[in-house]
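Taken from TrEMBL as is:
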{"type": "REPEAT", "residues": "6-92", "note": "repeat 'Solcar'"}
{"type": "REPEAT", "residues": "100-188", "note": "repeat 'Solcar'"}
{"type": "REPEAT", "residues": "210-300", "note": "repeat 'Solcar'"}
């Protein structure tokens, strides 16, 4: 029983560490993505690479990590809840509903994503506000100050949940497809070419796990497919979260309004999919590191 009690905790830690490693790897790309998605007026005429070069010039190298503190505080519980909930939901769906195979992965992945998002959403809101600020024009002094300001100026608790709708709508296909693709690639790979792609797990020789580079590749492909499907909703979420900070906030009050507005103002490529190329560059290493770290932590913490 003791082992089972700590299983929760160990799985929580594994998910948390996986999330933090993945996010710190790609934090600079995250900041640039937020600046581009919401057309920050300092950088709006620039593309991905020119923004990456312009931020350190304007705000120093640490400028690339702006909002990363709030991100770490959010991502540890987020990663932990997501990976843990995924395992739990998978069991429940299998036992209670008798659904197995690919469908239960898709459902569990979506539900885990939504659970994690709802639990950690206010932190995401604060991080986006901090990451959107440019040196010399600070409205928020730090994480706690941002919390206070949003709470007092934007309608109390509900102020923290602006943009939750597109997030949840986008999360379901995103988390669902990334877990689904990863799980499917993993099971096909191990079934078709166990010697080439797999190796015995360190903590349980009966369990086959993917070799690290194959894990990275599968995680990356999973991330890229999921991203493309749900990207316009990500742009919508950022716009809504920045609400009060953007000049055109009254046109972006609901999800549908925001989608329409971005489409009419900027079109598909420069609006709904602005920053997508960056997202691939960012997302593939991030997903790959997350899945690989998690698989590694699972072996270190004896979760197989």
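For all residues, glycine too, the Cβ spot is worked out from N, Cα and C.
Predicted automatically and left uncurated, TrEMBL annotations should be read as such.
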Helix, strand and coil counts within the repeat 'Solcar' (6-92) (DSSP): 74 helix, 0 strand, 13 coil
Structural state census, the repeat 'Solcar' (100-188) (DSSP three-state): 73 helix, 0 strand, 16 coil
